[in-house]
Structure formats: structure tokens, C-alpha cells
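J.: Got a structure here, written out as C-alpha cells. Questions coming.
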Amino acid sequence: SKLQWSTAISMMAFAWLFAAFWSVMPLLGWGEYDYEPLRTCCTLDYSKGDRNYITFLFALSIFNFMIPGFIMLTAYQSIHQKFKKSGHYKFNTGLPLKTLVICWGPYCLLCFYAAVENVMFISPKYRMIPAIIAKMVPMVDAFVYALGNENYRGGIWQFLTGQKIEKAEVDNKTK
């Protein structure tokens, strides 16, 4: 079925409110922001070890990594089954979940580890790696979508080379 405008607007509003909630919580006292180890921008403060900090990190990891990961897994499995039945594979249905795990997994692991153990013994340069990888997600997702969609892939090829990709068409009516 087609996505209705009211559903799309509701989903978009939910996404913005969900993001705003998790962004504002450290400002209201649940969790805390601090500079990243190399002082380039801010992130969650890993040096705290109190209950407030631990509950925030666990909730953040569960609601922003594990639950969306589970939703993506079930949704893309359903899409894969539909493609399998029709025989038309449009894109790699496992790729979006893999990019989520590869890009956000290290950051989530660092949050879990910081909640149970002191991470200050880890070099600041190494603590920056998960944050940098997580911040690359929008770019990675754009490439996954652009290169995974045959229409965009053809447009990119035409833009870069000036050549249009010709699709091989089989006309069953003339046979």
C-alpha cells in the first residue's frame, strides 16, 4: 500500500521529537556532554560513573541502536522475502543493517563499556575513532542508497562519464 501524507508527516514528526528528546536529556541533567577527547566538538562525557550516567548510556544504546537495529532487521527481512518471491532483487536488503552495525556498533560498545568500566585508560585518539565512524553515517548511507539504486547509479555514471547506460531489454511481444 502507498504511504499516506498524514503517515509520512507523523513519522517525520516522531523522528524529530525522538531526536530532540535524546539531545536535550543531557542538558536537563540525565547524562552529560563534554568535549571529545581531541577537543574538536562535544560528545557524551565518558568519565562519569554514577547511576545517572549509567542509566542514560544504557537507555541511549537500547533505544537508539538495538531497537532500531531490530526494526531494520525485521523490515528488511520482510522486503527480502517479498523480493525472493517475485524474483526481482532491487538492492541488497542486508546492507542498511550492516552499515548501522559497522558505523554505530563501535560507539555503542564504547557506551556500554563506559557504563561498566572506566574508559579513561584508553588513549584519546582511540576513543575518537568510534565517534568519527558514527559521524560518517549520513555520508555512508548516501553512498549505499545511491550505489544500491540502479536509477541513481546510472545517473551517477552519466554525470561522471557523460555516457548513458543502456539497459538490455527483451521484447517478448515480438517472439
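Backbone N, Cα and C define each Cβ position, glycine as well.
Bear in mind that the values here come from a model prediction, so they are computed numbers and not experimental data.
For reference, TrEMBL lists these features for the protein:
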| type | residues | note |
| --- | --- | --- |
| DOMAIN | 1-145 | domain 'G-protein coupled receptors family 1 profile' |
| TRANSMEM | 12-33 | transmembrane segment |
| TRANSMEM | 53-76 | transmembrane segment |
| TRANSMEM | 97-116 | transmembrane segment |
| TRANSMEM | 128-148 | transmembrane segment |
J.: Could you please provide the mean pLDDT value for the domain 'G-protein coupled receptors family 1 profile' (1-145)?
T.: 83
J.: Mind checking which residues reach the transmembrane segment (12-33)? Cβ under 8 Å, same chain, six or more beyond either end.
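T.: Here the qualifying positions are 42-45, 48, 52-53, 55-57, 60, 63-64.
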